[in-house]
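What Swiss-Prot lists as CoA binding site is Ile52, Ser53, Ala54, Arg106, Asn221, and the listing cites similarity to another entry. Residues or ranges marked as Zn(2+) 1 binding site by Swiss-Prot: His56, His58, Glu118. Taken from Swiss-Prot, the feature phosphate binding site applies to Arg112, supported by similarity to another entry. Summarising the annotation, Swiss-Prot assigns Zn(2+) 2 binding site to His166, His168, His214 and lists similarity to another entry as the type of evidence.
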Amino acid sequence: MSSDSVVAGNISRADVERVVRAVLTRQLAGATTSSGSVSSAGGPPNPLVVNISARHVHLTEEHVEVLFGKGVKLEPMKWLYQDGYYAAKQTVTIFGPRRRMIPDVRVLGPCRNASQVELAFTDGISLGIDLPVRISGDHHDTVGCVLVGPAGVVELKSGVIRAMRHVHMSPADCAYYGVKNGDEMDLKIHSGPCTTTLEHVTVREDKDVKLEVHIDTDEGNAVDLSHATKVELVKPVGCGCHSK
């Protein structure tokens, strides 16, 4: 019998706990979860997690009532990785300028001060919208769309964006990587023959966040994130062309 084998009749609770701990430790060293996200541990103060941010909508309280009815509040359906944030039960239909639509787009909570629609590049093609790449909240020179809910319609004049890929970092994470809010990093995704580096990952620093990278569905598919075995954040190094 192999030294790695365990006889079922003699296994104890301690043996089970030891095996489970060993498996979890190996998985945290770089494993893909069922949700398509990837985590990588070892080194930084917090484990690095990369998640795909699918198309979604952020709404003001006023727009929630217009779309879903007076007095209606967003109802959490699934809690997200960042504490306090969730995918709501409510969804809307998005109409673009060519009267093309995308139905059942999830609303994320909690509510914001300004409504915003975040789409992938291919979503923009479907709707006939030339999506500008923006950090969340930057609606300068952005287009609008029409949101339709079960109780009403909201016409947004602006706020439809393709979210710039970014990483949420705490002050401790920033100190570890030697970066600050607004800096850019590189994300290396090891995924078999499809190992890829995504540049220009913008740092978003906040004291109350977990270390997490957000990329959109197009980017996640391009790097084959669902099969990734390891992810790394790297501070870009200049080429030295202008150094003395």
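The backbone N, Cα and C atoms fix where each Cβ goes, glycine too.
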- Item | binding-site residues near His214 (Zn(2+) 2 binding site) (Cα-Cα within 10 Å), from Ile52, Ser53, His58, Arg112, Glu118, Asn221 | Ile52, Ser53
- Using Cα positions only, nearest of the binding-site residues to Ser53 (CoA binding site) (Arg112, Glu118, His168): Glu118
- Query: Given the recorded Zn(2+) 1 site (His56, His58, Glu118), which additional residues of the same chain have their Cβ within 8 Å of the Cβ centre, ordered by sequence?
  - Reply: Ser53, Arg55, Val57, Val107, Leu108, Gln116, Val117, Ser136, Ala163
- Message: For each of His56, His58, Arg106, His166, His214, count the other CB atoms within 10 A of its CB; which of these binding-site residues has the top count?
- Response: His214
- Message: Tell me which of the binding-site residues His56, Arg112, His166, His168 ends up closest to Arg106 (CoA binding site) in space, Cα to Cα.
- Response: His56
- Message: According to DSSP, does the residue listed as 'phosphate binding site' sit in a helix, a strand, or coil?
- Response: coil
- Task: Within 10 Å of each Cβ, count the other Cβ atoms and name the one among the binding-site residues Ile52, Ala54 with the highest count.
- Result: Ile52
- Message: Which secondary structure state does DSSP assign to Ile52 (CoA binding site), in the simple three-class scheme?
- Response: strand
- Message: What whole-number Å value do you get for the CA-CA distance of His58 (Zn(2+) 1 binding site) and His166 (Zn(2+) 2 binding site)?
- Response: 17
- Using a 10 angstroms cut-off on Cβ to Cβ distances, just flag whichever of Arg112, His168 is the loneliest among these binding-site residues. Arg112
- If you measure from the C-alpha of Glu118 (Zn(2+) 1 binding site), which of the binding-site residues Ala54, Arg112, His168, Asn221 fall inside 10 Å? Ala54
- Cβ-Cβ distance under 8 Å, sequence separation of 6 or more, same chain as Asn221 (CoA binding site); the residues meeting this, in order, are none
- Message: I'd like the number of other C-beta atoms within 10 A of the C-beta of Ser53 (CoA binding site), please.
- Response: 21
